[in-house]
Amino acid sequence: MKIGKFVIEGNAAIMGILNVTPDSFSDGGSYTTVQKALDHVEQMIADGAKIIDVGGESTRPGCQFVSATDEIDRVVPVIKAIKENYDILISIDTYKTETARAALEAGADILNDVWAGLYDGQMFALAAEYDAPIILMHNQDEEVYQEVTQDVCDFLGNRAQAALDAGVPKNNIWIDPGFGFAKSVQQNTELLKRLDRVCQLGYPVLFGISRKRVVDALLGGNTKAKERDGATAALSAYALGKGCQIVRVHDVKANQDIVAVLSQLM
């Protein structure tokens, strides 16, 4: 499997989540020192992660805005330390070009933008400048849709075209339907049922639903975030069967066997 100029063995891969934030919904405050972050990265790599997604600002509903300066202070030391110690691809989870540039200079390989270039109009130019793969996620301000799957597909197609127009090569563009972002439980569920339509847009698809509220709802409600890893793994299997190629998860080990087996059947 290729992500731009990068090659990953197999037809599917796990992206391990590393939140260096104090307020992420699942593991906020757990990895706020470089050493704690490195220890977690080492475990995720041992468990089978092929990409580490580093985030310095929580994007959960109601989260506090973080300036680019503070975000850079959080992520750059961690990215540098990971690159110094491990041979692993790193994505930077940010929608700010200033942070993204600093992360790329520090050694990050991939951009992961939860606003698909809408928040910062220079993100696509930056991706083109660095020949960096970019993940474009569906997002919007309100949970209002004519038909959620079609609207998500239209959005992703339009944003991918905007990236192409800005000089990003097609093989550097990945898409993410944005589960948990501006979508009700019902809308998330509807999108899950029609995930194959997203996978037919002509771009590789990242699946990110790990521990989110819709997983809790599918389990009947009242579960804690870390109690959702088994269901997350089941949904990873479902997504890979629908055509997704990367699953973004908190618990790498719980997903590794599924990805290893299904990767050989894709």
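Including glycine, each Cβ sits where the backbone N, Cα and C put it.
Take the (7,8-dihydropterin-6-yl)methyl diphosphate site that Swiss-Prot assigns to Thr59, Asp93, Asn112, Lys212, Arg248, Val249, His250: the candidate from Asp151, Asp154, Asp165, Asp176 listed for it is Asp176.
Each residue contributes its Cα atom, and for Asn112 ((7,8-dihydropterin-6-yl)methyl diphosphate binding site) and Asn19 (Mg(2+) binding site) these two points are 13 Å apart. Put simply, Asn19 (Mg(2+) binding site) is 19 Å from Asp176 ((7,8-dihydropterin-6-yl)methyl diphosphate binding site) when counted between their Cα atoms. As a whole number, the greatest separation of Cα atoms within the (7,8-dihydropterin-6-yl)methyl diphosphate-binding residue list Thr59, Asp93, Asn112, Asp176, Lys212, Arg248, Val249, His250 is 18 Å. Among the binding-site residues Asp93, Asp176, the residue whose Cβ has the fewest other Cβ atoms within 10 Å is Asp176.
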